[in-house]
Amino acid sequence: MKRIVLTTGGTGGHVFPALAVAHEIKNRFPQCEILFIGGKGPEREMVERAGISFKGLPAKGVLGGGIKKVFSSLWIVSAMIMALKEIASFKPDAVIGFGGYAGFCPVLAAWLLGVPTAIHEQNSVPGVTNRILGKVVKRVFASFEDRNGSFPAAKTVVVGNPVRKEIIDSGNCADTKTVLVFGGSQGAAAINDAVIDGLAKLKEAGISLRHQTGKADFEKVRKGYEQNGMDTGKVSPFIHNMGEAYAEASLVVCRAGASTVFEVAAAGKPAIFIPFPHATHDHQTGNARSLADLGAAELIPQAELGGNRLADEIIKLIADQDRLKGMGSKALSFARTDAASAIAEGVGDIIRMKTVRGAA
């Protein structure tokens, strides 16, 4: 394995699993050259911070548009031309897509050029681009069982969702009154507002918070903490060391993207999930139920979310450390900490398959 392209974009939920696989590939093959092809969003900073080369392509989501709208979108023409040039120039042994519209053209370009391809589908309900690509790639890696037959069974392997090593190593349930709050890499206004509204109750209960707000809401949330006499030093737009943040928390309040759900499980943390209600096919609710049905998490629909409801739920759980530890153990039972390794090994398999056929 000499050269690999990883491709996705949009949010940390897509990018972090790809980076976990990149880390695993570099551990196995230190001389392997990795190129990350993404969109024009926050992925460039995340990827370059990890020391990986990055190329950007135009990409734009077409939520609810279906397959026809993907192919009729204006950006796809220039993105395909650029992707074909990048793949032809880099000459990778394989290209792995991790979902999102930014990852569509590079995988399709690689397939057209005869390069071995694979995708990873992280959600319980596949997105439109992966449903298209699943028909042509050599291997489909899935986080959840494909109950809807979205992908050909013969080439689909359930591996879980790759999780960053620092989160896997963060340890189990901490016996503290610290709650980690985040709404994904870009924040979540509904969660931020509910936390602010419940701060007085949380302060009275002696609960401390570490809060990732996203850039847009940072000042508003910081002022809310300040006005309630809460520590603003633990409020930030983005938490770079999530392993440390998970390690010090005894409870997590968050959205339910697949990356988040599998991170929470790998860290062995009980959670209160507040699924994003406008996610495609409401996949976040399906993701959250995977842990809630095990008794590892609570689920609050955003329509029912408010400061009092959230604060009361946090206080009730923090007061019962035995229950929290039980929830954390159940979360760990769901975790798939070998997902990155399974994907790296699977990609090696499809490269070897091409090599054998080429030599025949």
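One-based numbering along the chain as shown.
Glycine too: its Cβ is placed from the backbone N, Cα and C atoms.
Because the structure is a prediction, the values reported are computed rather than measured.
Noted in Swiss-Prot for the protein shown:
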type    : residues                                    : note
BINDING : T11, G12, G13, N123, R164, S185, I239, Q284 : UDP-N-acetyl-alpha-D-glucosamine binding site
Open item on the list: According to DSSP, collapsed to three classes, what secondary structure does Q284 (UDP-N-acetyl-alpha-D-glucosamine binding site) have?
Closed with: helix
Open item on the list: For I239 (UDP-N-acetyl-alpha-D-glucosamine binding site), which of the three DSSP-derived states applies: helix, strand, or coil?
Closed with: coil
Task: Largest tally of Cβ atoms lying within 10 Å of a Cβ, found at which of the binding-site residues T11, N123, Q284 - done: Q284
TODO: Give the number of CB atoms, excluding that of I239 (UDP-N-acetyl-alpha-D-glucosamine binding site) itself, located within 10 Å of its CB.
DONE: 18
- [ ] Among the binding-site residues listed here (G12, G13), identify the one with the smallest other-Cβ count within 10 Å.
- [x] G12
TODO: For R164 (UDP-N-acetyl-alpha-D-glucosamine binding site), just count the other CB atoms lying within 10 A of its CB, please.
DONE: 20
Task: Collapsed DSSP category at N123 (UDP-N-acetyl-alpha-D-glucosamine binding site) - done: coil
Open item on the list: Taking DSSP as the reference, which of helix, strand or coil describes G13 (UDP-N-acetyl-alpha-D-glucosamine binding site)?
Closed with: helix
Task: R164 (UDP-N-acetyl-alpha-D-glucosamine binding site) - helix vs strand vs coil (DSSP) - done: coil
